[in-house]
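Engineer: Sharing a structure here in structure tokens format.
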Amino acid sequence: MSKDSILVINCGSSSLKFAVINPATEEEKINGIAERLGSSEAILRWTLRYKNNGEKGSQTLGLAAHEAALEGLMGLLREEGMVEGISAIGHRVVHGGEKFSKSCLVTDEVLQAIEDCIKLAPLHNPANLTGIRAAQKIFPGLPNAVVFDTAFHQTMPAEAYLYPIPYSLYKEQGVRRYGFHGTSYRYVGQASADMLGLDINNSNILVAHLGNGASACAIKNGKSIDTTMGLTPLEGLVMGTRSGDVDPNLFSFLNKTLGYTLDETTDLLNKKSGLLGLSEMDSDCRVIEDAAVEGNEHAQLTLDVFCHVLAEKLAGFAAAMGKIDALVFTGGIGENSSIIRKNVIERLSIFGFKLDEQLNDETFRGKSGVITQEGSTVGMVVATNEELMISRDTQVLTA
Ligand code: AMP
């Protein structure tokens, strides 16, 4: 059997997402998730993409953590005859700090550097490291590669990544804008240029990655020149439960008026704000859209705040790029919500955008394509595929 596939792993603190992909054919053979890791109700769920139009299965793992989940996955892959076809493992790592500007093979030095970045991503990097170490143990014969969410943004100029605070905090503590969703931007940037017949090295592409986490990026000549997320993934756009930009003095205001501690305000901004906090309904955009369509004015206001912030950021990026070849929507909201796309594109009419309502309404559920009229500045949807990008990088690094 030819070793044509890559096992892609995305480890969270209590979950492990996986996929087996052939990067050459872009075929995804299996994908799934091990959830509730660390509890006695851990469970592995998967979809076999090549069987009966996506045969689903699950297996309870009992009291299991990441290593046991990978053991369960190894058993499943063996049963399905996939193990021999896997040549390497690619891991998503959230924060690579300034040390990583591209993907790389895992070595002891790389593991140490990821560990050094824990202070920048205390929730994510430890989980990513756990996944890498477990994979090394459960799949001892396979090389491991790491693909960083932050790496793509390392091309940002200093004027875009520095915060106007004492410079020593950058020099000594690494306080700066890093940006996230980089793997998605790299994929979407290249895919949109290919679809439009543009040379990526001579292009100006704006991308709005709108999912539960949301950010935007200005990609000039294939390189990130600015993005909305910052030191952490809290900054920038309105998200499902994250506030995005607020006045930093909110910390002292809430402390003085309501006695909130640092942790309480941090929790409020990360988990109780955004669409959820403002709408007082749900973090899921669909719920708010349905309410707005039924005439709920507060739901409409929530959507308008989301779109106002996004349109302002995109307009700023457009000015920095000097020209817009395309505005690309991606992520769960970007790929599916014709309502959000219409709202944002109408706010950006000064840049020559004219929506094609029919194309916009017809583009959802993984469909990619242009949603603006002939003669308009191009607005389009591209379904992102971070796993495919991770598999491609891993294959190149291990070839
Ligand atoms: P992601 O984090 O990229 O998986 O995106 C998840 C989010 O996409 C969900 O929380 C929903 O808010 C949003 N979403 C998915 N489908 C739709 C839809 N048809 N309309 C609006 N939002 C959607």
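First residue shown is number 1, and so on along the chain.
Just so it is clear, glycine is given a Cβ too, placed from its N, Cα and C backbone atoms.
According to TrEMBL, the protein carries these features:
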ACT_SITE  Asp149  active site, proton donor/acceptor
BINDING   Asn10, Glu386  Mg(2+) binding site
BINDING   Lys17, His209, Leu210, Gly211, Asn212, Gly213, Asp284, Cys285, Arg286, Gly332, Ile333, Gly334, Glu335, Asn336  ATP binding site
BINDING   Arg92  substrate binding site
SITE      His181  site 'Transition state stabilizer'
SITE      Arg242  site 'Transition state stabilizer'
Engineer: Here are some recorded positions: Asp149, Asp284, Glu335, Glu386. Which one has the most Cβ atoms within 10 Å of its Cβ?
Structural biologist: Asp149
Engineer: Which chain-mates of Asn10 (Mg(2+) binding site) that are at least 6 residues away have a CB under 8 A from its CB, listed by sequence?
Structural biologist: Leu16, Lys17, Phe18, His91, Arg92, Gly131, Glu387
Engineer: Which entry in the list of recorded positions, Lys17, Arg242, has its Cβ near the fewest other Cβ atoms, using 10 Å as the limit?
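Structural biologist: Each of the recorded positions Lys17, Arg242 was scored by Cβ atoms within 10 Å; lowest is Lys17.
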Engineer: Anything from the recorded positions His181, Asp284, Glu386 with its Cβ under 6 A from ligand 1? List those in sequence order.
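Structural biologist: Near ligand 1, sequence order: Asp284.
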Engineer: Among the binding-site residues Leu210, Ile333, which residue has its Cβ surrounded by the fewest other Cβ atoms within 10 Å?
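Structural biologist: Counting other Cβ atoms within 10 Å of each of the binding-site residues Leu210, Ile333, the minimum falls on Ile333.
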Engineer: If you count Cβ atoms within 10 Å of the Cβ of His181 (site 'Transition state stabilizer'), leaving out that atom itself, what do you get?
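Structural biologist: Step by step: centre on the Cβ of His181 (site 'Transition state stabilizer'), count other Cβ atoms within 10 Å, giving 28.
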Engineer: In terms of Cα spacing, which of the recorded positions Asp149, His181, Arg242, Glu386 are within 10 angstroms of Asn212 (ATP binding site)?
Structural biologist: Arg242
Engineer: Of Asp149, Leu210, Arg242, Glu335, which is closest to Glu386 (Mg(2+) binding site) if I measure between C-alpha atoms? They're all recorded positions.
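Structural biologist: Nearest listed residue in space: Asp149.
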Engineer: Going by C-alpha positions, which of the recorded positions (Asp149, Arg242, Arg286, Ile333, Glu335) is nearest His181 (site 'Transition state stabilizer')?
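Structural biologist: Of the recorded positions Asp149, Arg242, Arg286, Ile333, Glu335, Asp149 has its Cα closest to that of His181 (site 'Transition state stabilizer').
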Engineer: Could you say which of the binding-site residues Arg92, Arg286 has its Cβ with the most other Cβ atoms inside 10 Å?
Structural biologist: Arg92
Engineer: Which three-state DSSP class does Glu335 (ATP binding site) fall into?
Structural biologist: helix
Engineer: Any idea what the Cα distance is from Glu335 (ATP binding site) over to Arg242 (site 'Transition state stabilizer'), rounded to a whole Å?
Structural biologist: 20
Engineer: Give me the Cα-Cα distance between Arg286 (ATP binding site) and Arg242 (site 'Transition state stabilizer'), rounded to a whole Å.
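Structural biologist: Answer for this pair: 17 Å between alpha carbons.
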Engineer: Please report the number of other Cβ atoms within 10 Å of the Cβ of Asn212 (ATP binding site).
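Structural biologist: I get 16 for this one.
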Engineer: Greatest CA-CA distance (Å) over the residues Lys17, His209, Leu210, Gly211, Asn212, Gly213, Asp284, Cys285, Arg286, Gly332, Ile333, Gly334, Glu335, Asn336 that the record ties to ATP?
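Structural biologist: Value for the max Cα separation, rounded to a whole number: 24 Å.
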